[in-house]
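Undergrad: Okay, handing you the structure first.
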Amino acid sequence: METLRQIQSFGIRVTCMYPIASGMVFATVLVSCCSSLNIRARPLISNSPFLSIWNAPTELCTERTGVHLDMTFFSLIGSTLKTSIGQNITLFYPDRLGYYPYKNEITGEAFNGGLPQLLQLENHLKKAKEDIQFYIPSDEQFGLAVIDWENWRPVWIRNWGSKDIYRQESIELVQQRDVSLSEAEARTIAKMEFEAAAKSIMLESLKLGIAMKPKRLWGYYLYPDCYNYDYKQNPHNYTGTCLDIEIARNNELNWLWEKSTALYPSVYLETALRSSRNAQLFVRNRVREAIRVSYVSNSTYPLPVFVYTRPVFTDVYEEYLSQDDLVNTIGESAALGASGIVIWGDMNLTQSKNTCKTLDNYLRRTLIPYLINVTMAARICSQVLCQDSGACARKKWNSSDYLHLNPKNIVIRMTKDGKYTLQGQPAFQDLQTFIDKFDCHCYAGHTCEPRVNINDIQYLHACISEDICIQISSNSLSNIEVSDEKILSSVWPAHNLSDLLLHSLLALVTSSGFSIRPVLSSACDCLCATETKVCVHRKKAIS
């Protein structure tokens, strides 16, 4: 049995100890009812309030280096390679969807006319139709469809810096048609023409995709953005706030939000935000703005929000995010009410055998354990607060309350064959913390009746994969006084006869009135009953 290192910062302790218990106390708790404002997009996958999605060309590790990466935990998986088709997450880059017009910002070379105003829309849509059918051949496969067009922005004023070339050439285009126009007049006309053409291209491409593949959730990567990038200029007084002017500009894109079927904001981190409070604020405000935008088109049927993140920093691709950074990106997204996280990566992750081994180690020891932590906490919270008819989100959006499991009560373990198991159960206080810190956001179109009395729970059975489950039986819900030595009974996977015998022995000991606590031996296989000093040694660790 491989023991993962202890992870304290976000609420999971991975250790060799076996927590056993004799009882649990539950009390009556009032839960606030879902208001009309507390609505959440229905989950893409049933009973999965927070999805983990992988979007990187990691198949290259197996094909080129022989390093196998186990990606089975991820709900959706898609490569970014141009040759990959039929995936349940499809990313459309500029050269993969129609004739996207753009310019090389360094050389000035124009592609497909260069400016949105110069594109022949009919030809673009004809080619886009062929591309959509090529990359998504099935009409029945559900999943995500993300258009990644970043060369220009549809709001004129946002084309600053190197993107100013689109504004300048738009003005020149107007002046070429009418040399009598003043600079101000030409600019006004150019702005109108540029924004109209940009809107037409983005909107018609989106509508085409939705019409052809309605079971996909369509939207644009990096939309919405709130441009809260001033953490370098103002590191000591950074608040992460999305300025009112940027919120107003996002409101100018209501035509886009009204037709999108999902939102895909980005929370990529630079090293300037490494393990910092500023990273927390940066992500928190960006996700919050996306949540706000998700209600624009229909407040009773908000759009799902899938947050794009990276496993490495954008400016140092060899450095992976730490545990704190995962809390500040994935943890923030889940706590604020996002529908899932999309982890994007490029070929830098898979360029050699060494980089593939590094990625494999990071996945197994850091990323996936944290994803298990957050995903299971979100699942339990959904079941307890919303009875599986909604998802949990912070009561106070600007707090640092997270959907995390309690490391004192639940243990993540990795077996020799690389699979994960959870051992332990949430305590009453853990569930109470969810209730105190989070609200139930009912799924759109569902009858949502938040639980009023925890005493009516007959059992809880929460799974986030076939092998990763937590179950609380009705016996555990009886009102038994819990001493300081008593913790919640572990979930023991009974894989063989010896496991079943051990289960029976533990049940016999606990039914006799003894409390059980873990005793850590060098082999990590000793379970002892206090007072009787009876130990059960196992030749083989539970896996």
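Just so it is clear, glycine is given a Cβ too, placed from its N, Cα and C backbone atoms.
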Undergrad: Determine, on the basis of TrEMBL, the cysteine among Cys61, Cys526, Cys528, Cys535 paired with Cys356 in a disulphide.
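TA: The record-listed partner cysteine is Cys61.
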Undergrad: Looking at the disulfide bonds in TrEMBL, identify which of Cys386, Cys392 pairs up with Cys381.
TA: Cys392
Undergrad: Within 10 Å of Cys442 (disulfide bond) (Cα to Cα), which of the recorded positions Cys226, Cys356, Asn373, Cys386 do you find?
TA: Cys386
Undergrad: Nearest of the recorded positions to Cys392 (disulfide bond) by CA-CA distance, picking from Cys61, Cys242, Cys356, Asn373, Cys448?
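TA: Comparing Cα positions, the closest of these recorded positions turns out to be Cys448.
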Undergrad: I need the nearest neighbour of Cys226 (disulfide bond) among the recorded positions Glu150, Cys356, Cys381, Cys440, Cys448, using C-alpha distances.
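TA: Checked the recorded positions Glu150, Cys356, Cys381, Cys440, Cys448; minimum Cα distance to Cys226 (disulfide bond) goes to Glu150.
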Undergrad: Between Cys386 (disulfide bond) and Cys356 (disulfide bond), how far is it from one CA atom to the other, in Å?
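TA: That comes out at 40 Å between the alpha carbons.
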Undergrad: Who sits close to Glu150 (active site, proton donor): which same-chain residues at least 6 apart have their Cβ under 8 Å from its Cβ?
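TA: Correct list: Tyr221, Leu222.
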